[in-house]
Amino acid sequence: MQRKEANPFQILGLRPWLVKQLTKLGLKGATPIQQKCIPAILAGQDCIGAAKTGSGKTFAFALPILERLSEEPVSHFALVLTPTHELAYQISEQFLVAGQAMGVRVCVVSGGTDQMVESQKLMQRPHIVVAMPGRLADHLTGCDTFSFDNLKYLVVDEADRMLNGDFDESLSIIERCLPKTRQNLFFSATMKDFIKESSIFPIASDCFEWSQDSDVATVETLDQRYLLCADYDRDMVLIEALRKYREENENANVMIFTNTKKYCQLLSMTLKNMEIDNVCLHGFMRQKERVAALSRFKSNQIRTLIATDVAARGLDIPSVELVMNHMLPRTPKEYIHRVGRTARAGRKGMSISIFRFPRDLELLAAIEEEINTKLTEHPIDQRMVERIFMQVNVTRRESEMQLDNNDFDERAQNYRRKTWIMEGKDPDQMEALYRKKQKDKLREIRRKRKLQHAEPAASEEGKALLQDERFKSVDSARFEKKGKGRSRATQEDTPTKPLKRLNKEKPVAQKGRADVKKDKA
């Protein structure tokens, strides 16, 4: 009689009920970070785990916490800190799914909802609290209706971002309210020295550390590509690349990243006005709107999501086939997080990043050095880009007018002021500082532009990349700024399958008086 092989999760020390639940979820084996970190956490060690995006980091800490919670089901057993609303809700969902058999209670504290409602949920004795630092600090300083006296686990997810200094004030308040005898678990896509040297959360001397060994920071199943554009036709290049991809992959899910909240909203409106259904996700949206947008995308009701970097970290949407960088991330690390939304858990995926030639070559060189991989050029029909130039420009202008009519800038200012007031800061003083920063930023952008116009590739990295075989044959004249006489492709050179609106017949112009007289004659 053939001996039945033990379940991989059972070997790690998890109870049969939890192993059975994981089997129901279709998980056949543990990922490397789960194999290494789960036994260490169950053994009572502090843990620092680093692995690529999509490697199963959430279950690496959620499973051992649920295992121990089933032995001692007390309230406020574990606290998970995370930097974004969306990630907080995703982590809570994974706790609920894995702990369904034991009836685990999870509370999300992330702002965007009524603080009194959150307070009531915290009073209902949840087992797990998943929180953003700022809102949890507000609860801890504003009321004493709950405590973390029973806390056994503190988890800091996306630790490289959480401990970089931006959240220190809130984290210090939280630390003072937590018991000293607990396990500290830190998880991130990258291992950083400052995690071990954190002055806010002390790390035990016997802390277990594990980092995924790889020279390549992105997964092998990810096909990474680039597109070159000029300053004036980035939107056209994006739309044509999206149109072509949709022709071949009609039911694929696509995430498009851009850098600012306003442009995220503007790009979303522009695509909608061109009959490309999409939802957007950015920080100025209400929490209900953000959750609804993400739910529609996750459930495949809408196949295109346009987002800022609030969606770049940690979000697990398994069915994303393509990530597009409409505007490039500011650092190679953020690039890794963005493209990590696709090709997750062994699946294949593609990323297409749009680089302005030659000004973005320095960033391309930095990204390729960081990921130890060369990007390949994505094919695009330049004649089609030329053809839709006018339509996209006009549609974007219409969208800008709609955005101005909706008082987007005024609502953004009100949002900032409300946030500063809640943080106990002087809104007028903070607004003055904000405007000064914006002016300095604009001045720096203009300075860089002057350098780039004076010399196409100002940095040594950019100069070296211009000598790369990929760019030697590039016609730089194509990327120079053109005026009113901008050339457009002729009808004979144009492909026959453009965007939907491009195929619509133009309305017949009404005849003027002169035309009517001619007809009568």
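The chain as shown is numbered from 1 upward.
Placement of Cβ uses the backbone N, Cα and C atoms for every residue, glycine included.
As recorded in Swiss-Prot:
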- A51, K52, T53, G54, S55, G56, K57, T58: ATP binding site (BINDING)
- 460-482: compositional bias 'Basic and acidic residues' (COMPBIAS)
- 502-521: compositional bias 'Basic and acidic residues' (COMPBIAS)
- 38-209: domain 'Helicase ATP-binding' (DOMAIN)
- 237-386: domain 'Helicase C-terminal' (DOMAIN)
- 448-521: region 'Disordered' (REGION)
- 7-35: motif 'Q motif' (MOTIF)
- 157-160: motif 'DEAD box' (MOTIF)
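Taking the mean position of the Cβ atoms of A51, K52, T53, G54, S55, G56, K57, T58 as the ATP site, the remaining residues of that chain whose Cβ falls within 8 Å of it are T31, I33, A189, R344. The Cβ neighbour count for K52 (ATP binding site), using a 10 Å radius and every protein chain shown, is 21. Other Cβ atoms within 10 Å of the Cβ of S55 (ATP binding site), summed over all protein chains shown, number 22. The 10 Å shell around the Cβ of G56 (ATP binding site) contains 20 further Cβ atoms across the protein chains shown. In the three-state DSSP assignment, the secondary structure recorded for S55 (ATP binding site) is coil.
K57 (ATP binding site) is surrounded by 24 other CB atoms, counting those within 10 A of its CB over all protein chains shown. There are 24 other Cβ atoms within 10 Å of the Cβ belonging to A51 (ATP binding site). Residue density at T53 (ATP binding site): 23 other Cβ atoms are found within 10 A of its Cβ, drawing on all protein chains shown. Mapped onto DSSP classes, the motif 'DEAD box' (157-160) shows 2 helix, 1 strand, 1 coil. Per-residue pLDDT, averaged across the domain 'Helicase ATP-binding' (38-209), gives 91. Cβ neighbours within 10 Å of T58 (ATP binding site), excluding its own Cβ and spanning all shown chains: 23.
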